[in-house]
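Residues or ranges marked as Zn(2+) binding site in Swiss-Prot: C17, C19, C37, C40.
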Amino acid sequence: MREGIHPEYNHDVVVKCACGNTFTTGSTNKELKVEICSKCHPFFTGKQKIVDAGGRVDKFMKKFNLSNEDVK
């Protein structure tokens, strides 16, 4: 690798989340600010909501008031 063209790597970079959580990592930046982390993300906290949007066929059936028995 060529010398003098790569950014300086910092081993102790503080990552600050909007929820107040902080942790350290390595990066070429001196400080990182993130909006969401593993302490506040719904997937990791277990507070996620499952949304069943349904498919295009279900939307069509609902639009024309059909049921599975009506269609062969």
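The backbone N, Cα and C atoms fix where each Cβ goes, and this holds for glycine too.
Residues within less than 8 Å, Cβ to Cβ, of C17 (Zn(2+) binding site) and separated from it by at least 6 positions along the same chain comprise K33, V34, E35, I36, C37, K39, C40.
Residue environment of C37 (Zn(2+) binding site) contains 17 other Cβ atoms, counted within 10 Å of its Cβ in all protein chains. Cβ contacts within 10 Å of C40 (Zn(2+) binding site), excluding its own Cβ and spanning all protein chains shown: 16.
All chains included, 13 other C-beta atoms sit within 10 angstroms of the C-beta of C19 (Zn(2+) binding site). Sitting within 8 Å of the Cβ centre of C17, C19, C37, C40, and not among those site residues for Zn(2+), are the Cβ atoms of A18, G20, N21, V34, E35, I36, S38, K39, H41.
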